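Below is one structure, written out as structure tokens, with a few remarks after it.
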Amino acid sequence: MAPKAKIVLVGSGMIGGVMATLIVQKNLGDVVLFDIVKNMPHGKALDTSHTNVMAYSNCKVSGSNTYDDLAGADVVIVTAGFTKAPGKSDKEWNRDDLLPLNNKIMIEIGGHIKKNCPNAFIIVVTNPVDVMVQLLHQHSGVPKNKIIGLGGVLDTSRLKYYISQKLNVCPRDVNAHIVGAHGNKMVLLKRYITVGGIPLQEFINNKLISDAELEAIFDRTVNTALEIVNLHASPYVAPAAAIIEMAESYLKDLKKVLICSTLLEGQYGHSDIFGGTPVVLGANGVEQVIELQLNSEEKAKFDEAIAETKRMKALA
């Protein structure tokens, strides 16, 4: 019998806690919750371990304050980093402020991955994710197919949900693509949206949703994180679920087509930069990078997204 997968969560905050719970519920493997905060990951691990009973699972869940526990990891999920600039109010900071802070963290984590688990599959969540995933790729030395960033899986889940609520259909029946980057420059591809396999344009033609309503949904999708923050909360449940969907496709060799931040090597006319596009995730990691045939307007927006990633990368 093959041993359980070892999944290390580097960062045991809100997202890390939900991910650990989902891993146990799905019986995906043994979990190590790592954090630099003393004792906290151990407490979360103990609490989470009790859910094995209700989940009919048998996953070991442990806490750690040492990078040595990365040793032998099959999957490493990195959420560690600053989510806002220290000493600045919500109105005073932007994502540029995070770059030098989280850059240092990616360099540190990358060195420990290289030392302890160079064959692991890496999922990066730390923002700005399209920049951070490239930094971690460079400093960890893992192959290009073994590292991706969160983005499109989360962004499209929001878009699909909003459209489903307007049309009163099952959210899972909505299919959509958001590419380019995770952030304000994300590219929402209207002509790729389908509902139950039917092009969304048919629903527009039948006056079940208007172009204006769709644009409002697009705007809400782009600004969802801010909307949640303004409601005095933070987004962590849906991000955790999106990440675990990615990890599960790798661990179970499901070969799901998911939109992730991956290394572009000529796709869309860009190279040596991470960007969001559909990929096939299986036991070999990124097994295919799918390049969509964008029209001129879509391509221009994609180029803007990559240009913004390059601008931030230069600041890091």
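Cβ from N, Cα, C; glycine included.
Annotated in Swiss-Prot:
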{"type": "ACT_SITE", "residues": "H182", "note": "active site, proton acceptor"}
{"type": "BINDING", "residues": "14-150", "note": "NAD(+) binding site"}
{"type": "BINDING", "residues": "R95, R158, H182", "note": "substrate binding site"}
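Structural mapping of features recorded in Swiss-Prot.
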residue: V32; record: NAD(+) binding site; DSSP (3 states): strand
residue: H50; record: NAD(+) binding site; DSSP (3 states): coil
residue: D68; record: NAD(+) binding site; DSSP (3 states): helix
residue: P86; record: NAD(+) binding site; DSSP (3 states): coil
residue: R95; record: substrate binding site; DSSP (3 states): helix
residue: K104; record: NAD(+) binding site; DSSP (3 states): helix
residue: I122; record: NAD(+) binding site; DSSP (3 states): strand
residue: S140; record: NAD(+) binding site; DSSP (3 states): helix
residue: R158; record: substrate binding site; DSSP (3 states): helix
residue: H182; record: active site, proton acceptor; DSSP (3 states): coil
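Within its own chain, I122 (NAD(+) binding site) has V75, V76, I77, V78, I113, L136, S140, V142, K146, I147, I148 as residues 6 or more apart in sequence whose C-beta sits under 8 angstroms from its own. According to DSSP, M14 (NAD(+) binding site) sits within a helical segment. Note: the Cα of R158 (substrate binding site) and the Cα of H50 (NAD(+) binding site) are spaced 31 Å from each other.
Cβ contacts within 10 Å of S140 (NAD(+) binding site), excluding its own Cβ and spanning all protein chains shown: 26. The record assigns R95, R158, H182 to the substrate site; their largest pairwise CA distance measures 21 Å. Within 10 Å of the C-beta of H50 (NAD(+) binding site) we count 11 further C-beta atoms, all protein chains included. Within 10 Å of the C-beta of H182 (active site, proton acceptor) there are 28 other C-beta atoms, taking all protein chains into account. Spatially close to K104 (NAD(+) binding site) yet at least six residues away along the chain is no residue at all, judged by Cβ distances under 8 angstroms.
Take the binding-site residues M14, V32: by the count of other Cβ atoms within 10 Å of each Cβ, the lowest one is M14.
Counting other Cβ atoms within 10 Å of each Cβ, the lowest count among the binding-site residues R95, R158 belongs to R95. Within the set of binding-site residues M14, V32, R95, the entry lying nearest in space to H182 (active site, proton acceptor) is R95 (CA atoms). If you take the Cα of H50 (NAD(+) binding site) and the Cα of R95 (substrate binding site), they are about 37 angstrom apart, rounded to a whole number.
The Cβ of D68 (NAD(+) binding site) has 10 neighbouring Cβ atoms from other residues within 10 Å, across all protein chains displayed.
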